[in-house]
Amino acid sequence: MFKNPAELAERVLAGHPVTPDEALELLHTDDPGMLDLVAAAGRLRREHFGMTVKVNYLVNLKSGLCAEDCGYCSQRLNAGTDILKYSWLSPEQAVEQAEYGIKGGASRVCLVASGRGPSNREVGNVTRTVEALKEQHPDVEVCACLGLLKDGQAETLSGAGVDAYNHNLNTAESNYESICSTHTYQDRVDTVERAKDAGLSPCSGLIVGMKETDEQLIEAVFALRDLGSDSVPVNFLMPFEGTPLAGTWQLSPQKCLKILAVVRFVCPDKEIRMAGGREMHLRSLQPLALHVVNSLFLGDYLTSEGQAAQADLDMIADAGFTVLGARPDAERASDAVPASAAHGAGAEQGRAERTTTPCGSACGSAPGSGGATVSGGVGSSADGSTTAADSGAAPRGENASAEASVKGAAPTADGLTSRGSRDADGTVPERGAAASSVPTAAKVSPALAALLSSGDGPERDEDETRVRLELSPTVRRRGAGTSVAPNA
Ligand code: SF4
């Protein structure tokens, strides 16, 4: 065992990995010791990633309509969650959506689709999208998140220029049957292996807070290490109403931070991403989490709304980090977008657009927590319906995403929620039924205000305190009717 986290970090830096027992001890760090744990994990983070933050952006190619029964997912069959459902964006629509994130500083675009797995025809849709995207943005990494892969599909994706494949293990093998009956843990492992064999960079992570024990959490983290995942999205369960895990609240901000630190200790040189549910569960500790993780999804998640992209960029800069691969100011200026996201606090940051985010789950869940939606985009439709994906996202409404999200938190007088706080005994209190979860009331920055007034950026919301990406007309139409378009 170790005397303190700093000593353990030294040992890891010297090439000696932590054991499951040590990881469990780290997870059980008491709250007064939390900053020491973060500082030690931060040493590992800086050793491998410096002070950079990789920004990812989700594009939900297909939303909802899934016949699988993943218990955390708002896109599962018969889920009562009111999400936007649509089938396959065209390559042009997908590229249009992706560009919102790219202009906001994203160096990786994640193409997500709901469902058990793609048909070969659907893989063809994705390859055409990737080719169109790479033609216009050759330096952008593309990660596909399409569910379980069949023979040859990973090779087809790799041949089309896909760089990475996301398929989350989500939870421990010993907990898997409690969250899904329509596919197995081994099915997921097999898909990650297929992706690796085809030369795709494996991206696989977790959804925490799904009634797993601490021991099962450690089991899952070590499984990801052994699987050789290059990037590890960590999603925090958003317990959507209408799903079997509705009402499951077992996380606190401190616990989330400790989980991220443990993942860093176990996988010190891997890209670790705070993904779906970070706003809801990490809350004001997100900047502290940047000292542990080195990646995030910009803006919204697959089926739920994250914090405004500008707020993410501001948070990165305010905490002293820089966006990986941020373009020079001169280039950004040519986009008529104010300043760079890589500059210090107070500077006008790069374009703030809203994105969508991670799936994190299985299929196309947002990384991070599966799911999928039109990001940046999808989100709200003319009728207020939303889009979604694995990660359990919540619907976004025209009025406020707050109404959309996972219900269960009790709103306070100012409209924010109290979700996440603990009672004096450390337990997470029961939430009431009607509230929103994701804090979305970020003020519009001067940079974003300029973008809005240019008529070339995201739409301003009615109360002018939030913005959302403008959806393509097709997406709006699909969203408005929540009809299912035939696969292209
Ligand atoms: S996680 Fe993926 S496979 Fe599971 S229900 Fe959601 S969309 Fe379907």
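These residue numbers are counts, starting from 1, taken along the chain as shown.
Glycine too: its Cβ is placed from the backbone N, Cα and C atoms.
Keep in mind that what you see is a predicted model, and the values were worked out from it rather than measured.
Site annotation for [2Fe-2S] cluster in TrEMBL covers CYS143, CYS203, ARG273, and the matching candidate from CYS70, CYS73, CYS110 is CYS110. For the binding-site residues CYS66, CYS110, CYS143, counting C-beta atoms within 10 A of each C-beta gives the highest total at CYS110. Cα to Cα, CYS203 ([2Fe-2S] cluster binding site) and CYS73 ([4Fe-4S] cluster binding site) are separated by 19 Å. With a CB cut-off of under 6 A applied against ligand 1, the binding-site residues CYS66, CYS143, CYS203, ARG273 are reduced to CYS66.
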